[in-house]
Every structure is written in structure tokens, then in C-alpha cells.
Protein chains: 2
Amino acid sequence: MPTFLNTRDADFEARFTALLGQKREDSPDVDAAVAAIIADVRARGDAAVLELTARFDRLELTAGGLAFSEAEIDAEIAKVSAADRAALELAATRIRAYHARQMPEDALWQEPTGATLGWRWTPVSAAGLYVPGGLASYPSSVLMNAIPAKVAGVKRLVITCPTPGGVVNPLVLLAARLSGVDTVYRIGGAQAVAALAYGTETIRPVDKITGPGNAFVAAAKRRVFGKVGIDMIAGPSEILVIADGENDPDWIALDLLSQAEHDESAQSILVTPDAAFAARVVAAVEKRLETLARRAIAGASWRDFGAVIVTRDLAEAAALSNRLAPEHLELCVADPDALSLAITHAGAIFLGAWTPEAIGDYVGGPNHVLPTARSARFSSGLSVMDFVKRTTLSKMTPEALAAIGPAAERLAASESLEAHGLSVTARLGALNGAPNGGRP
Amino acid sequence: MPTFLNTRDADFEARFTALLGQKREDSPDVDAAVAAIIADVRARGDAAVLELTARFDRLELTAGGLAFSEAEIDAEIAKVSAADRAALELAATRIRAYHARQMPEDALWQEPTGATLGWRWTPVSAAGLYVPGGLASYPSSVLMNAIPAKVAGVKRLVITCPTPGGVVNPLVLLAARLSGVDTVYRIGGAQAVAALAYGTETIRPVDKITGPGNAFVAAAKRRVFGKVGIDMIAGPSEILVIADGENDPDWIALDLLSQAEHDESAQSILVTPDAAFAARVVAAVEKRLETLARRAIAGASWRDFGAVIVTRDLAEAAALSNRLAPEHLELCVADPDALSLAITHAGAIFLGAWTPEAIGDYVGGPNHVLPTARSARFSSGLSVMDFVKRTTLSKMTPEALAAIGPAAERLAASESLEAHGLSVTARLGALNGAPNGGRP
């Protein structure tokens, strides 16, 4: 059974705090193994990657076969049905249109002092996307990672995707092609992350690595962080649905189950001021669980981590949601726009009962890589911003330096950084004799 | 002696690659000690913090004395000279004005499908800034961390600053007050980071921790990452100066030394197409090193990590700079704006000989917390963006769901996520009979 809470209960705060602190993931400690793999790839390059791929993926490759050739990709893509291709193309088009609006703007302005200030955004030069193999090899995630990179202007974009036993998902290759990915390597695990970060004879290093993966991949990303940039380390998926009593219980049940079916550690929470409606949703979940293909996974998630919280009103529901800072938040209420203004922490908000969260997973346009485990308190979903960086710009004139330089000298003195101060003093001293802008 | 390279030399590429790969920092492995400190603070709260502070900072406190009182802050601030206060106020005003322009904009638009999409930015609720004690207790860094947080709208902003033996820098407290910091705790080390991340009886937890610190602080920030957000882990400071021969060698020498004096691991690099000018700068550095107060530190940095690279032309200089991706880049050339367009990776650019890097450390306006160790390839300096996060918004209408829902059903089926598809199917099935927007 899921957890049942009611804000009117005396022990509510204690039980809600327990829910907040609940640990849903037991990451195996693979750090030592990952450190050894990374060291091996750094030391031996391709040879290490090939050996590790043979061992972990039961796949014998040569260096020349690490990447899919264009002909191989063509052959795989040919297997995709027209309907699947059309759906993927629609998704790619919509994701591209949404992310194109995220491109940040440069700025440059002149101050009254004469100084010019501003900043300029530039793309990361090369990025690598990790795509899991097997069942979790989601073409939608390829789009969600690759399209923002390409919109940002990343010139070289590569994918690593393990192909255990040589099997690849054709839709992953199609998604890569639709997104403008340059190269797809058929390797995975910590060895793929190491190859992307440090490079080998065949695989050129990248500057940023994104994408989901298992415990080995997550540990490897943590280890190479600093050498390259990484995105977040995502935890199990979550949904919180705030619903009033005027909803179809089956719709809400399916939305809760669409997270639960991801993973036994996923979490689905219903928050409603209507206790009778809550009971109807719970019944609808049970009924759907009887037939759902992934009922074992979804049932375990719902039983172990599901929760139903009955509140006094919608305002209280919003306040609890902010404390949970959910990855996905559905507002299935009469005026979702108004309620959304009370939401301060959430990865993505789905407004109104006609917006099931699954739309956001595929075709809505916003990114489906979102902050989990309450990290929406301080972080955002994947976006174009993850593939650009800002360079600040400053340009003083002699007059501007005369105006603000003395304050810099003063502060440098207070911090005992003499050369800092002297670099200003020398210029100010030359000011009278240097009408040519300081160029002697 | 610094490293001397010339791009015309046969061994240039090998030697430049060695410079790129040079390791400038040997972080002591303090991770086990830090893990124990964090566990202790989580288990025993205030009691652990007080004991650790007594041990490491030789300072006996009570829980009630962990924070500076307003009266204590007033008394310390009264010690600041009028000139120092005016300089700090000028810096704060300019940093605030620059960062106010960084506040990102919300977006909301309606598509032809009828769907509404967009995003909304919200501030982190509470942030903690770590300020080192002793010599590296820089008031300018307080401004650079605190002001972007306040511009972003962070409601609760606290500082932890160790006060070994009870000694505090009055300018740090003044900078905190000018920045709108709410509380200053006189604690430091891993125990301060743990208290900020997990909270104690006296110290409320925050959502984001920023600011520089020693190896213990850096290790603690890495460990609490995920529980809270952190900023970058900064390495030793760096400057790269691209200068033509038409500069005053002493100005350039002082700019190089203003990084070198920070730290024996700091790095200062001159890149110039003019070999004779390079020699004049080297001589000027040597001359300044004779009298500089921090000549031991600056001299060691220049000797061990300084470099002078003579290039064929300025375009080649820019290309090398991009490979180094320096934290600070000065362009002391006739047309710095034009040359800046060739720069793809740098934390901050200082345009023209009248813009010494030290201006950016204090009063220019842009942030002085910048990516080091070549991480400007994939990351940006501290900004308002570090204290806000984006929530994506999606709102379907029945018509919009009818238009794009079938593609989501198709993709869900291809990923074997049945409930995802059903959450769309159930709504599409109800469409004809549900003119009231799906609310039964």
C-alpha cells in the first residue's frame, strides 16, 4: 500500500518529514571499479575500450568498428516504420522549436564613465551524449539531449551507446540522425565516459558529457567532472499530481502509473483536498495495475514509494508540493494557471487535466531531463544553457579607469594584493602623459 | 624561469601540449576526514560544530554565539575607514548594476495547436556563502557571491566565515551588510559546509552553497552536492595576456604578477607576436619581483608556471588562447574588439591596455568568480543564473492533445511504456464526449 497522509492528522508533520527524507535509491558502490576502468582507458586508450567492451557487452570490436558507419546507420534506420519515423520527426521538430527560444542573448553597453561592459555566449565545442543500451535505450532521450546541444551551436556531437551482443535500437540511430549527431560509438559503461573525457586513438575527447546511465556511468561522470562538464546525475523519476475532485480518477491513476512504470524506485504522489476522490484514484490505480504490462515494476513503485496526501485546500497542496520540489508536477484543477503562481520549486509543470505528463516526455517541446530528488530547489532541467557558456567583457577608457581605478587600488591594498593595485597605479600615473590611450 | 615557447619551433606542439596538461595543484586527500566531519555534524548538530570549531579554530563558542549579533557587526564595521567603505560601496553598486542585467526572462507563448508553452524562473530560497578566514578572507569575494544571490531574489542569505582565535576582517562584515546578507556565522571548514547543507539546531539548512575554500571546504562541497547545489570548485587563478609590441612592458608585467601574487600555483602567460617585446616584459617582471611584498609567492608562481609564447601573429595567439581557455584574458592590442571575436573560450575578457585585470577583481562590475583549469571550455563565471532555476510550463487544450497526442502514444509504445501511452489514450478517447475540457 502507498503512504496515506492527511494534513489534519496530529502526526502529519512527522510523517511528511519522513516522506521528504525517504531514500529511494541504493546506489551500489562501484567507485573503485570505475576508477580502475578510467585509469585503464587513460593508459591504454582504444585497447582498453575494446577489451572492456568485449568483457561487459560480449561484443568483439576493432578500433575501426567502434563507430557506426553511415551505411550501418542507414541499414538500421530502414527498419523503422513510417509511423514511428513520423512520430519521432514531430517530436524533434517541437523540441527544436521550444529550445530555440532558450538561446540566451549577448549584451554590451556603455556606461556614463565611458567603460563598456557586457557578455557574450559561445557554444561548447564538442559534446558527448551517453545513451543507455537495452530496455532503457530511449530514442526520446536522444532527442532531448542532442537537440539542445545542436541548437546551442555545438559543432561536434557524438553519442556512445552500448550494444550488448551487437543489438542496437534503430530508433536511437534515427533520433541521432534527426538531431544532427555526428558520430555514434557502440560502446557504453564507464569506459565510454572515460573515452569521451580523455580521448583515445580513435575517439576524440569532448568538453561536456550528458545523458543518463547506470551506477557505473553515474560514478564515471562524477569522476571526470572538472576535466569535462557534466549534466546532473539523475535519480529515479517522480510525479506529483495536485488534483481537485472534479477529475476522472482513471486519468489521474494513469498519470501516477506512468512514473511508477519507469522503475521500482520511481515515486508517484497524489495531493488532493478531496478524500473521496483520493479513494477513487487509489481504486483506479489498483484496477489498472491488474492489466498493465509493467505491473510488477509499477506495482512495487506504487506500494513502496507511492503516497496520497489529503489537504485542507489547494493552497496547502501547493505548499507541500514546494517542500517536495517534484521533478514533474501536474495541476489538474479548475484554474491551473492561478495555482501555478504558488509553485516555487518544480522541474516541470503540466497545467490542467488535458496535459498528461507523458506529453512532456515526448512531444510537448520542453525537455524531459529534469531535476530529481528535490533538486528542483536549486537546479533546472536540461536546456540550451547546458551547452553554452558566458564570457564577460570589460573595456575601460582612460577616463573610466580614472573614475573607478582608485577604488580598486584601495580594495587591493585592503586585501594586501600589491601587484593588483600597482597594475592600476601604473596606468593612472601614465594618464596625463599618455593621450594616445596608454600605447607608448 | 618561466617556460619560453615559440610557435615556429619544431617542438612547439609537444611543449604546448605539455603546458596544457600541466598539473598545478596537488590537493591533499582529505576526503575521509571530511566524510567523518559531515557525519558528525549530521548526527550531533550544534554540539559537533562547536567542538570542531574549538579544535580547528581555537575558538570556544556556545550555540547562541555561532552567529554575529547586529551589535557585534556594528562594532566591527565601525573600525572600517571612510575611504575603504567608499571603495567597497562603489564596488557593490557597480557589481549590482552589472548583475541586475543578468536576470533571465520568463516566457509563455501559444502555439497554432492551441497549446501554451513556456518557462518561469524562480530564485533559490536560501543560499549559504563560504568565506575563507585569515589572509584569504577577501571582502571583494563576499560582494561577488552575495550580490548575484540577492539580485536573483534569494530570500535567506547566510555566510559562514571562520574566525581563528576570534579574529574577523571588519571589511568582510561590511561587505556582507552592503550585500544584504542576513546572518554571518563565525564557523568554517567542512563543519560549516555540513551545517549549511544539513542544518543543526541553530543553523537552518540552505539550498545552495557557493564560495571558495581550502581543500577541506572543497571536499565537503563535493560531498554535499546533490543534497544542495554548489558552485564550481575553483582551482588556482590564471591570466593570459595577448599583447602586441606597442605596450608598456611594465603594465603587462604587473598584470602577469597580479595573478602570480595570489598563489604559488597561479599561472600567468604572455602571448605575443613580438619576441623583443616579450623580452622586455620578462625583464620588467624580474624588476618588479625585486620589490613586490609578495615576491616569494609571485616569484614561485612565475618561475614554476609562468609562460611566454611568441607567435607568428595575433590570430595564432587567439587560437592558442582558445586551447588554454583561460580564466582571465587580456587583449592588449590595437583593436581588441576585433580580436575578441576570435576568442571562443575564456572566463572574462579585458579589452585593451587600459583594462587591467585587477579592475575586474574589484570594481568593473562582472563577477570575479570565474572558471579555472580550462573549464571555460564548458562553464561560466558565477552569475545571477547560479541562484535561479527554471520551471518549464506546458498546457494542452483538447485540440492540442488531439494534434500531438497520437505521436506521444506511438513513441510510448516504441519504448514499451504502456501507462505513458494510456494516459494519452484515455483522454483522446474521452474527447468527443467531454466538451467541458475533460472535467467529468
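Note: Cβ is positioned from N, Cα and C throughout, glycine not excepted.
Secondary structure at B:ASN214 (NAD(+) binding site), taken from DSSP and collapsed to helix, strand or coil, is coil. Summarising the annotation, TrEMBL assigns NAD(+) binding site to B:TYR130, B:GLN191, B:ASN214.
Per TrEMBL, the feature substrate binding site maps to B:SER237, B:GLN259, B:HIS262, B:HIS328, B:ASP361, B:GLU415, B:HIS420. According to DSSP, B:HIS262 (substrate binding site) is assigned to coil rather than to any helix or strand.
If you look up TrEMBL, you'll see B:GLN259, B:HIS262, B:ASP361, B:HIS420 marked as Zn(2+) binding site.
Residues or ranges marked as active site, proton acceptor in TrEMBL: B:GLU327 (among others). Secondary structure at B:GLU327 (active site, proton acceptor), taken from DSSP and collapsed to helix, strand or coil, is coil.
Long-range Cβ contacts of B:HIS328 (substrate binding site) within its own chain (separation 6+, distance under 8 Å): B:SER237, B:GLU238, B:ILE239, B:LEU240, B:GLN259, B:ALA346, B:GLY347, B:ALA348, B:PHE350, B:GLU357, B:GLY360, B:LEU370. Per TrEMBL, the feature active site, proton acceptor maps to B:HIS328 (among others).
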Proximity to chain A among binding-site residues B:TYR130, B:SER237, B:ASP361, where any Cβ pair is under 8 Å:
B:ASP361
Tell me the Cβ contacts of B:HIS420 (substrate binding site) under 8 Å, same chain only and six or more apart in sequence, or just say none.
B:ALA408, B:ALA412
Over all shown protein chains, what is the count of other CB atoms within 10 A of the CB belonging to B:GLU415 (substrate binding site)?
21
Pairwise C-alpha maximum, in angstrom, for the residues (B:SER237, B:GLN259, B:HIS262, B:HIS328, B:ASP361, B:GLU415, B:HIS420) that bind substrate according to the record:
56
NAD(+) binding residues B:TYR130, B:GLN191, B:ASN214: largest Cα-Cα distance, in Å and rounded to whole number:
13
From the Cα of B:GLU327 (active site, proton acceptor) across to the Cα of B:GLN191 (NAD(+) binding site), what is the distance in angstrom?
29
Far apart in sequence but close in space: which same-chain residues, 6 or more away, have a Cβ under 8 Å from B:HIS262 (substrate binding site)?
B:PRO236, B:SER237, B:ILE297, B:SER301
Using the alpha carbons only, what distance in Å do you get between B:TYR130 (NAD(+) binding site) and B:ASP361 (substrate binding site) once rounded?
18
Euclidean distance between Cα atoms of B:GLU327 (active site, proton acceptor) and B:ASP361 (substrate binding site), Å:
12
